[in-house]
Structures are given as structure tokens and as C-alpha cells.
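Scroll down for the structure; my scribbles are underneath it.
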């Protein structure tokens, strides 16, 4: 396909991005098998161990089909920074280029993808333990509202419930006095990049079905285990889906209400993802509902 013409002369990078639940993972696995290559995850929650079902991590079987990287690289109590992710991703890309492979970078975390494909120059601000402890005493709604005041550009990029990234953006601002969004220069990589975006006209249905499938796989048990293991204050348990299931486990909502809230908040999140990716003119958009999508991507 013409999309891949710039990758014929030397190894590069194929990006598969777009809103959640549009079929990125399925297409990526099929395409990686066809191209005999690997998948690099671009998901800010899949980097954490033990957060499996609710983050839609690839299954053991899928990881046996195709090698996946940048999954389970941090402990749930760690703070995996954008700089750490970028460094590991760049090392892996270089490693596979030396093998003559063009890896796939797959996910819905726009900032992760941007950090790799545009070579963002990220502020090297070390974690501020005391500052984080003070900020963590505030409600996430308060933290996010403050971020909207001091760094509205970063706030637009970060989900309102994402305490990890909210704290990081505030941390950079407190230490340097300059918003994170104003400190990210660029040094784009020299290798060719092909960007594919997926969207779906059946997104609400897909989100509903995926939420139910997660519950069937034992999502509630996963959340209960994480609560017992790490406690109610773990920032990751305040993120999309986990927060709603945690409310249900605490008896604050019925299961049906938790499902409805998860679907609603996921739809809102998907809308923000779409807005983010639509701003990138280099992305070629395809229909994730197309059953012949892989065939259309193949040469000839």
C-alpha cells in the first residue's frame, strides 16, 4: 500500500493510533504477524504491572503470537515518567532497526506517541517526594483545576482523573516555574514514520461490549486485589474504569451504575483522544470497522 512506500528503503516506524476501543490492538497483531515484526505499546497505564484487564492489555496468547514491549515495565507504586518511556522506546526502536525490522508503535496515549515520533525534548525534573506528598493530600478535582490555571495546554492533554500525569505536570511547574507544555522542544528522528489512525462509527457499542467483556474476564476481582495490595489511595486506582469499579466495590453504586459510568467516561475520553489525534495532519485515517482492513494495508 502507498502508506508504506517510504518504509521500503530502510526500517522506520509504523504508528497505529486513535481513540480507545477502535480495534488498534487487533489490527496491530495481524499486521505485525504479516510483517514479521514487533509491537511497542503506547499506553500510559499498560506500562504498569498488575493493571491488566481494565487497561485492555494484550492477553498471554496475543503476546505469544507477537512480541509486545513497553508493557509491565513499572511497579504500580512507581511513577513512570514520559522521559523514561521515551528513552526505552527509542532504545527498542534502534535495537529492532539494527535487525532490519520496522516496529509498530500502538496505542492511544497521544503524548507517548508524540514523544517518540516528534522527539520531544522533555524536562529532566527529578521526582519531588515532599511536594508530591503535599499535593496528594488534595482531591484530584482540585489538582486538575489548578493545572488548568497554570498549564491549560497540558490540562487539555491529560484526563481529568489521571492523577499520575496531573501531579507530574504540576511538579514540573513548581520546580521550574515554567509550564510543562512550554518546555517540550523537538528533535524529530531521522527514520521514516507512517501514521495510521483508526476510528469507528460503532464506538459506543464497542465501548459497551469491551466493558462487559472486561467484567467477564474478572475485572472486579482484579480491582479488589489491587485495593487489598496497595490501598485506596493508589493513584492508578483513580483512573478511568478503576475508579468506577472501586466505587461499586465500596457499595457506593450498583454494578449497572458502575458500567454506565464507565461507558460514559470512556466515551468522553475517546472524544478527547480523537481531538488530539485529529490535530496531526500526518495521520491517515481508516475505518476500524472494516473487516478487510488488513488486506487493504497489504502491498498489491
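Cβ coordinates are placed from backbone N, Cα and C, and glycine is handled just like the others.
The feature ATP binding site is assigned by Swiss-Prot to 18, 19, 20, 21, 22, 23, 24, 25, with sequence analysis given as support. According to Swiss-Prot, the substrate binding site annotation covers 20, 21, 22, 23, 24, 25. If you look up Swiss-Prot, you'll see 43-46 marked as region 'Interaction with substrate tRNA'. Annotated site 'Interaction with substrate tRNA' per Swiss-Prot: 109, in sequence order, evidence recorded as sequence analysis.
Sequence features, as recorded in Swiss-Prot, placed on the structure.
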{"residue": "18", "record": "ATP binding site", "Cβ contacts under 8 Å, 6 or more apart": "24, 108, 197, 198, 199, 273, 274, 277, 285, 288"}
{"residue": "19", "record": "ATP binding site", "Cβ contacts under 8 Å, 6 or more apart": "108, 198, 199, 200, 203, 269, 270, 271, 273, 274, 277"}
{"residue": "20", "record": "ATP binding site", "Cβ contacts under 8 Å, 6 or more apart": "56, 108, 207, 266, 269, 270, 273"}
{"residue": "21", "record": "ATP binding site", "Cβ contacts under 8 Å, 6 or more apart": "200, 203, 206, 207, 210, 266, 270"}
{"residue": "22", "record": "ATP binding site", "Cβ contacts under 8 Å, 6 or more apart": "198, 199, 200, 203, 206, 288"}
{"residue": "23", "record": "ATP binding site", "Cβ contacts under 8 Å, 6 or more apart": "198, 200, 206, 288, 289, 293"}
{"residue": "25", "record": "ATP binding site", "Cβ contacts under 8 Å, 6 or more apart": "56, 58, 62, 106"}
{"residue": "109", "record": "site 'Interaction with substrate tRNA'", "Cβ contacts under 8 Å, 6 or more apart": "42, 43, 44"}
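Here the region 'Interaction with substrate tRNA' (43-46) has Cβ contacts under 8 Å with residues 55-57, 70-72, 80, 85, 107-109, 111-112, 162, 164-165, 236, 239 of the same chain, all six or more residues outside its ends. Secondary structure of the region 'Interaction with substrate tRNA' (43-46) per DSSP (helix as H, G, I; strand as E, B; remaining residues coil): 0 helix, 0 strand, 4 coil.
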